[in-house]
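Report on the following structure.
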């Protein structure tokens, strides 16, 4: 109670003092002037007192503080609905509310981190680009969480008047408020030019072209993991694989501990979930990764890795050898968000040599194999297999290298900042009267630093689509949300892709606000001569394409090298 009173007093004082013209390096303006830089100036002005006066950072702090208050209020609203109306609601409606509760918790955490950062940053102090990118990423994810909740409510609880009015309407206003906070942060704190990003102290030396040595022989050779002698002996006896004999820290990945999963009982655990639960909470990574080695086998379980299981690395025996499988889907009452066979939210998660599968089939519609809301997550030498909505790159920053993704409708979707590199994208045979869309990117706000980058990948049909003689139309993507952003660059595009390349979502929705681009692709389906002529479609040059590389889009040189996973930092020369 005392903390609540203190917060309210602070909020009241901020109304009195926040907008007094400050003698800083930033100009003081009215809310009308400041709000012109936001997507919804009218709503933006309603956020602030009418006589307010201040610089963009003062407005930004106030908006973030108010966003945090509203996020906490919304969480309490969801709790009330789940407590009072559970027995009266359908399974899908309860599932949508539970998704909202989970997402609201994440959003509150993101807003706390964002507000604490800007609150200690004076008008004369600048944020490093990596820190500014982190906060812009968190605020982008907060908006994504709101939209995910709203989509779920509109789909699963559309017939419930009380939920529509008690949950959806406040959620819409909160989304507008978060958009204001993101816009003002982008205006006030994000540097105009990107600067060199510092690497972790225990990462490998930076190579501006590629990082390939540590895991290059991961699939079949010795593993470059650095651990204690006891842990090494246990691992090698259980896995029957040797670790690299290399005392040079530059060429090894630091490991704090390791456990094994084996269905025959010879490991530490028989299920992946048990192994995940054994991992330490809230580690900072300085001691290395907690490794879970999953031996070959088919694991029929829905795995959820919570946000507190940081720096977790999961290693399998290879694609189609270590398989995690499930069959949740929307037809059977699950939400799209919660249909995932494998779902991860923990930062700095790494998966290697694994297959993630949803076996629901095309007739069950949305059925997710993998959902990642994990910041700074990496998937290397993995496969993702389903039909509609296979891979849900939900939010935050993600990287996929040498992975195979199979699906039909919107089979790579979400609103993360994500780069796919050296991956194989396999459109497969959908249901009758359906078409294939490889991507459905979900950016809802022009200030979100999100999008899908397909770099040096191969797009070709799966075997079942080949046997159908290409009777199904396949597209590079379609705009799920208003500011959808997807780039294909330096990739091989097979003739399976329609000459127009892209498909509408619904009429002219988003055709002027989306950003779809292609750069220097090859293959019989790569010609841009007959591509769509939408205002938002572009054939770009190398300067523009550089914005969507690992180095610039993910700032990957600052965090990816510690994982040992190979990657190309920039464009191919």
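Heads up, residue numbers simply count up from 1 along the chain you see.
Cβ atoms here come from the backbone N, Cα and C positions, even for glycine.
Model, not experiment: these values are computed from the prediction.
Taken from Swiss-Prot, the feature signal peptide applies to 1-22.
The feature region 'Pectinesterase inhibitor 41' is assigned by Swiss-Prot to 25-184. On the 0 to 100 pLDDT scale, the model's mean across the region 'Pectinesterase inhibitor 41' (25-184) is 90.
Listed in sequence order, 53, 54, 55, 56 are the same-chain residues at least 6 apart in sequence whose CB falls under 8 Å from the CB of residue 29 (N-linked glycosylation site). The secondary structure of residue 29 (N-linked glycosylation site), as reduced to three states from DSSP, is extended strand. The feature N-linked glycosylation site is assigned by Swiss-Prot to 29 (among others), with sequence analysis given as support.
The feature N-linked glycosylation site is assigned by Swiss-Prot to 119 (among others), with sequence analysis given as support. The number of other Cβ atoms within 10 Å of the Cβ belonging to residue 119 (N-linked glycosylation site), over all protein chains shown, comes to 11. In the three-state DSSP scheme, residue 119 (N-linked glycosylation site) is classed as helix.
In the three-state DSSP scheme, residue 173 (N-linked glycosylation site) is classed as helix. If you take the C-beta of residue 173 (N-linked glycosylation site) and look for same-chain residues 6 or more apart in sequence within under 8 angstroms, you find 70. Per Swiss-Prot, N-linked glycosylation site is recorded for 173 (among others).
Taken from Swiss-Prot, the feature region 'Pectinesterase 41' covers 259-557.
DSSP assigns residue 268 (N-linked glycosylation site) to coil in the three-state reduction, outside any helix or strand. Close to residue 268 (N-linked glycosylation site) in the fold, though at least 6 residues off in sequence, lie 259, 260, 261, 275, 278, each with a CB less than 8 Å from its CB. Annotation comment: Swiss-Prot describes 268 (among others) as N-linked glycosylation site.
The N-linked glycosylation site feature in Swiss-Prot is assigned to 281 (among others); the stated evidence is sequence analysis. The C-beta environment of residue 281 (N-linked glycosylation site), restricted to residues of the same chain at least 6 apart in sequence and closer than 8 Å, consists of 308, 309. In this structure, residue 281 (N-linked glycosylation site) belongs to neither helix nor strand by DSSP; it is coil.
If you look up Swiss-Prot, you'll see 320 (among others) marked as N-linked glycosylation site. The number of other CB atoms found within 10 A of the CB of residue 320 (N-linked glycosylation site), across every protein chain shown, is 15.
Per Swiss-Prot, substrate binding site is recorded for 336, 366, 478, 480, and the stated evidence type is similarity to another entry. Shown in sequence order, 410, 413, 440, 441, 442, 505 are the residues of the chain, 6+ apart in sequence, with a C-beta less than 8 angstroms from the C-beta of residue 480 (substrate binding site). For the recorded site, residue 480 (substrate binding site), the DSSP three-state label reads coil.
For residue 353 (N-linked glycosylation site), the count of additional Cβ atoms within 10 Å of its Cβ stands at 22 [all protein chains shown]. Annotation source Swiss-Prot lists N-linked glycosylation site at 353 (among others).
In this structure, residue 388 (site 'Transition state stabilizer') belongs to neither helix nor strand by DSSP; it is coil. Non-local contacts of residue 388 (site 'Transition state stabilizer') by the CB criterion (under 8 A, 6+ apart in sequence, same chain) comprise 362, 365, 366, 367, 407, 408, 409, 410, 411, 430. If you look up Swiss-Prot, you'll see 388 marked as site 'Transition state stabilizer', on the strength of similarity to another entry.
The annotation active site, proton donor is assigned in Swiss-Prot to 389 on the grounds of sequence analysis. All protein chains considered, the CB of residue 389 (active site, proton donor) has 27 other CB atoms within 10 Å.
Look at Swiss-Prot and you will find 403-423 tagged as disulfide bond. The number of other CB atoms found within 10 A of the CB of residue 423 (disulfide bond), across every protein chain shown, is 25.
Swiss-Prot lists 410 with the feature active site, nucleophile, giving sequence analysis as the kind of evidence. Residue environment of residue 410 (active site, nucleophile) contains 24 other Cβ atoms, counted within 10 Å of its Cβ in all protein chains.
DSSP assigns residue 456 (N-linked glycosylation site) to coil in the three-state reduction, outside any helix or strand. What Swiss-Prot records for 456 (among others) is N-linked glycosylation site.
On a Cα basis, residue 353 (N-linked glycosylation site) lies 9 Å away from residue 403 (disulfide bond). Long-range neighbours of residue 520 (N-linked glycosylation site) (same chain, six or more residues apart, CB within less than 8 Å of its CB): 489, 490, 542, 545. Using a 10 angstroms CA-CA radius around residue 320 (N-linked glycosylation site), the recorded positions that qualify from 119, 336, 353, 389, 547 are 353. Secondary structure from DSSP puts residue 353 (N-linked glycosylation site) in coil.
In terms of Cα spacing, the recorded positions 336, 389, 478 all stay beyond 10 Å of residue 353 (N-linked glycosylation site). Packing around residue 366 (substrate binding site) is summarised by its Cβ count: 25 other Cβ atoms lie within 10 angstroms of its Cβ, all protein chains included. Cβ crowding, taken as the number of other Cβ atoms within 10 Å, peaks at 403 among the recorded positions 403, 456, 541.
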